[in-house]
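**Q** Here you go, one structure.
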Amino acid sequence: MAADIIDGKAFAATMREKVADHVSRLKADHGITPGLAVVLVGEDPASQVYVRNKRKQTVECGMQSFEHRLSPETPEADLLALVKRLNADPAVHGILVQLPLPPHMNADAVINAIDPAKDVDGFHISNVGLLGTGQKSMVPCTPLGCLMMLRDRLGSLSGLDAVVIGRSNIVGKPMAQLLLGESCTVTIAHSRTRDLAEVVRRADIVVAAVGRPRMVPGSWIKPGATVIDVGINRIAVPETGKTRLVGDVDFDSCAQVAGAITPVPGGVGPMTIACLLANTVTACCRANGLPEPDGLIV
Ligand code: NDP
């Protein structure tokens, strides 16, 4: 295997230590405890796991966790009323509404009801606009985690060719904005892209955010490229009768060619939650007119 493995799990653990350190200083110096509210509507099993992990890590970092679980039949108006209450609650510095929402709800309307200053997911239209125009915003956690791993690995990204596969609002598009902000030459690929293999072969940086198990083979990767695999796909393993998680990248073949690669699990996933915690501390500092935490997001 040629590629270095980018250890997102270890990176995230270091980041959580820094978050915990900032939180204890906020408590000691200012008597403030950052608070994160997570709202889960329905019983999607994957969402339940994510919410449980977020709560555990929030509490472990010394922050307050407010969890709101609503039934799948909850009327949208009730969810909007809850968001309004959380917006007004001074103990809540970050609000996250776990997606996907049930089909009878308009996710855009719900996300845009969150106070942009508490929108720690960075999905509110104001934060999207701020990011797109290069202004200070709340940056979506998954792309932010990817960027931090890329900076750590490569230093300056200026002038590099980057291909982002996937154009979703939560990963692909903000990822492309961040890479553009780093002066990469960015290509966004999607399901209508012609000759994806050829597009990917040009890239010094490949970010795969598609949701198709092991779609990107090693034969598409430029030798020495850095490969960030955002995908989380659960597949059956017939030999054991169990399931396991794989990414959007075929790890074994890509690791033969790439210079560095993130594994699944243990790559982007842990960084996403660590960035959520960091965004909550940032939101708390901004809400209290305090300087932004130094060295948390690098
Ligand atoms: P979406 O389904 O919203 O978007 C998928 C994107 O992939 C779309 O833009 C789609 O194109 C594109 N696509 C689909 N098929 C192809 C194809 N054959 N060739 C090229 N592009 C294709 O997914 P998300 O962005 O929400 O998530 C992507 C993956 O990342 C999922 O596996 C998800 O579980 C994972 N994820 C992981 C997170 C983490 O913390 N690690 C956080 C968030 C997501 P088009 O627009 O044309 O349809």
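Quick reminder: no glycine exception, Cβ is built from N, Cα and C everywhere.
Quick paste from TrEMBL:
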BINDING   GLY166, ARG167, SER168, ILE232  NADP(+) binding site
DOMAIN    6-121  domain 'Tetrahydrofolate dehydrogenase/cyclohydrolase catalytic'
DOMAIN    140-286  domain 'Tetrahydrofolate dehydrogenase/cyclohydrolase NAD(P)-binding'
**Q** With every protein chain in view, how many other Cβ atoms are within 10 Å of the Cβ of ARG167 (NADP(+) binding site)?
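**A** Excluding its own Cβ, the number within 10 Å is 18.
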**Q** Among all protein chains shown, how many Cβ atoms are found within 10 Å of the Cβ of ILE232 (NADP(+) binding site), not counting that one?
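**A** Taking all protein chains shown, ILE232 (NADP(+) binding site) has 20 Cβ neighbours within 10 Å.
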**Q** Restricting to the same chain and to sequence separations of six or more, state which residues have a Cβ under 8 Å from that of GLY166 (NADP(+) binding site).
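**A** Listed in sequence order: GLY172, ALA189, HIS190, VAL207, ALA208, ALA209, VAL210, GLY211, VAL230.
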**Q** Just report the maximum Cα pair distance in Å for the recorded NADP(+) binders GLY166, ARG167, SER168, ILE232, no decimals.
**A** 16
**Q** Can you give the mean pLDDT for the domain 'Tetrahydrofolate dehydrogenase/cyclohydrolase NAD(P)-binding' (140-286), rounded to a whole number?
**A** 98
**Q** Using Cβ atoms only, which residues of the same chain lie under 8 Å from SER168 (NADP(+) binding site) while being at least 6 residues apart in sequence?
**A** ALA209
